[in-house]
Amino acid sequence: MGIKGLTKLLSDYAPGCMREQKFEGYLDRKVAIDASMHIYQFMMVVGRSGEQQLTNEAGEVTSHLQGMFTRTLRMLKAGIKPVYVFDGKPPTMKGGELAKRKDKREAAESALEKAKEAGDQEEIEKLSKRTVRVSKVHSEEVMKLARFLGLPVFEAPCEAEATCAALCKAGLVYAAASEDMDTLCFSTPKLARNLMAPSSQEKPILEFDFDKLLAGLELTWDQFIDVCILCGCDYCDSIKGIGPVNALKYIKQYGNIEGLLEHLDKEKYPVPDDWPYKEARVLFKNPEVVQTDGLTLKWTAPDEEAVVAFLCGEKSFNEDRIRKQLADLKKARSQGGQNRLETFFGAATVKSSTVGKRKEPEKGKGKFGAAGGKKSKGVTKRKF
């Protein structure tokens, strides 16, 4: 789910923390990718027709493999170095959110049956996406494929996006890539969205800078977490009716949730019973993650025969097509001779542009007295 309304809040009150980048601008970037979230997305959209998912001759779902294979090769061709991180066991506090998702999925399944009886194809298309389940087998299959493609792979002890953030904070990757905005709550220095979007959509990568975010909102990390809890997160309920704008206003005014609760009109804004906001803070501040001390990341050339044996031998993909895609990758990475190889493994530069619906506030002042983030000055040197 992420954080409700956070993207718009940042666009309005800290636009300097956001910038668009071309996909090709991530040349030589090492990026930790929330693979579990993207598997779910691929199973919803790749090869889907009505309620039918992409399957092989044996009836096994292959949407996740097709999606990950295609997107991974696109990144490798562009000189991007992905690291795939998969969800481990969800934190106990997420149980309530997971139960809600289960209820919604079951309600969608019931509504889907009615839509099929009525022959409503539009409803069938919409509701079938809400019934998608990602199994342990699906994740293990993508892990296997990623390893055959020569990528570093991790199964996080808990939330994948928390480990992505930890890898970024340790300087092992340039950014964490996820569509979930709660990745910022784990204080990842950089968050990249749209990295796995299909090339046909021509979406630029939307990059968030955490330091500029805090500067733009004039908040500490602790205060930002409190704002996100009030907006609505996966770990606990929020106070209904407050919303993102008031959440920012009240935390800036009262300092933290405790200060807000002392002044809040509880008849207008009823506080959830036994509200575990303090426990939610701990999960964001001290999550279970892969240990990064002494950790090194290694990429190798794809094992073509292993990829073919798995995708074609086990999953009935078209061998000619898979070999052609792998040959195209090899060609792309060697194009231009030695100069191209040096570019892939060496340094480069990108041009940045500020993104936001509103202009940067004058003299560094935003709403509620918040200082606007500084605009980028153009060229940024690569570090990873």
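Each Cβ is built from the backbone N, Cα and C atoms, and glycine gets one as well.
Quick look at what Swiss-Prot annotates:
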REGION    1-105  region 'N-domain'
BINDING   Asp34, Asp87, Glu159, Glu161  Mg(2+) 1 binding site
BINDING   Arg71, Glu159, Gly232, Asp234  DNA binding site
REGION    123-254  region 'I-domain'
BINDING   Asp180, Asp182, Asp234  Mg(2+) 2 binding site
REGION    337-345  region 'Interaction with PCNA'
REGION    353-384  region 'Disordered'
COMPBIAS  374-384  compositional bias 'Basic residues'
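Shown on the structure are the features that Swiss-Prot records.
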{"residue": "Asp34", "record": "Mg(2+) 1 binding site", "DSSP (3 states)": "strand"}
{"residue": "Arg71", "record": "DNA binding site", "DSSP (3 states)": "helix"}
{"residue": "Asp87", "record": "Mg(2+) 1 binding site", "DSSP (3 states)": "coil"}
{"residue": "Glu159", "record": "Mg(2+) 1 binding site", "DSSP (3 states)": "coil"}
{"residue": "Asp180", "record": "Mg(2+) 2 binding site", "DSSP (3 states)": "coil"}
{"residue": "Gly232", "record": "DNA binding site", "DSSP (3 states)": "coil"}
- Task: Could you say which of the binding-site residues Asp87, Glu159, Asp180, Asp182, Asp234 has its Cβ with the most other Cβ atoms inside 10 Å?
- Result: Glu159
- Asp34, Glu161, Gly232 as binding-site residues, winner by CB count within 10 A: Glu161
- Message: Measuring Cα to Cα, how many Å separate Glu159 (Mg(2+) 1 binding site) from Arg71 (DNA binding site)?
- Response: 22
- Using DSSP, what's the helix, strand and coil tally for the region 'I-domain' (123-254)? 71 helix, 15 strand, 46 coil
- Message: Among all protein chains shown, how many Cβ atoms are found within 10 Å of the Cβ of Arg71 (DNA binding site), not counting that one?
- Response: 20
- Those binding-site residues, out of Asp34, Arg71, Glu161, that come within 10 angstroms of Asp180 (Mg(2+) 2 binding site) at the Cα: Asp34, Glu161
- Listed binding-site residues Arg71, Asp182, Gly232; those within 10 A of Glu161 (Mg(2+) 1 binding site), CA to CA, turn out to be Asp182
- Task: Calculate the per-residue pLDDT averaged over the region 'Interaction with PCNA' (337-345) and state the result as an integer.
- Result: 46
- Message: Measuring Cα to Cα, how many Å separate Gly232 (DNA binding site) from Asp34 (Mg(2+) 1 binding site)?
- Response: 21
- Hey, how far is Arg71 (DNA binding site) from Asp182 (Mg(2+) 2 binding site), Cα to Cα, in Å? 23
- Item | Spatially closest candidate among Asp34, Asp87, Asp234, the listed binding-site residues, to Asp182 (Mg(2+) 2 binding site) (Cα to Cα) | Asp234
- Query: Reported as an integer number of Å, what is the Cα distance between Asp234 (DNA binding site) and Asp87 (Mg(2+) 1 binding site)?
  - Reply: 15
- So around the Mg(2+) 1 site, Asp34, Asp87, Glu159, Glu161 aside, which residues have their CB within 8 A of the centroid of those CB atoms? Ser36, Met37, Val85, Phe86, Ala156, Ala160, Ala162, Thr163, Cys164, Ser178, Asp180, Thr183
